[in-house]
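Below you'll find the structure, written out as structure tokens, and then a few comments.
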């Protein structure tokens, strides 16, 4: 009597279930990620608002003429680097808000979304860093005016403008650091598990 063998389907790769400890760690990491992104959103928004509203008008005495003064107004569009920083901060704030919304409405993060967030986290981190560094260099030149650069010491004439500019530079560097940490977490989400489930798994 011939034996009939029942064909057995090839085993599919099934991810092992997440333990209670892993679930707790994933939830904690997700909470940390959301907090970092919210803080980055706030810092980017503050940077943008502080720079856009940074404007001062002062009366400047003309050298050699004691009784002659001119009125001069300075604002963030004084240098292209500051305009670049405003744009970078605005993009960073908008992107972070988008990721926060996606994180709240979606319990799981698909691989496509994980790749999108990973790539843009890296990109925006470097864009913010470049913008903050360029703006800091221009601000330094305006504050100290090296003789070889033939710059005017703007900060000696427009103190409030420079103080407000300095505050925006501080928040821009803070947002860069926050984005760097978020980028590290998004890399972990993507590469620690092929199914991209660590922080956004249900349960």
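Start at 1 and count along the chain as shown; that gives each residue its number.
Cβ coordinates come from backbone N, Cα and C, glycine included.
Going by the topological domain names that Swiss-Prot assigns, residue 79 and residue 134 belong to one and the same side of the membrane. Ranges compared are 32-52, 53-73, and Swiss-Prot records transmembrane segment for 32-52.
Taking Swiss-Prot as the reference, the stretch among 1-21, 85-105 described by the feature transmembrane segment is residues 85-105. Around the Cβ of residue 67 (N-linked glycosylation site), the number of neighbouring Cβ atoms within 10 Å comes to 6.
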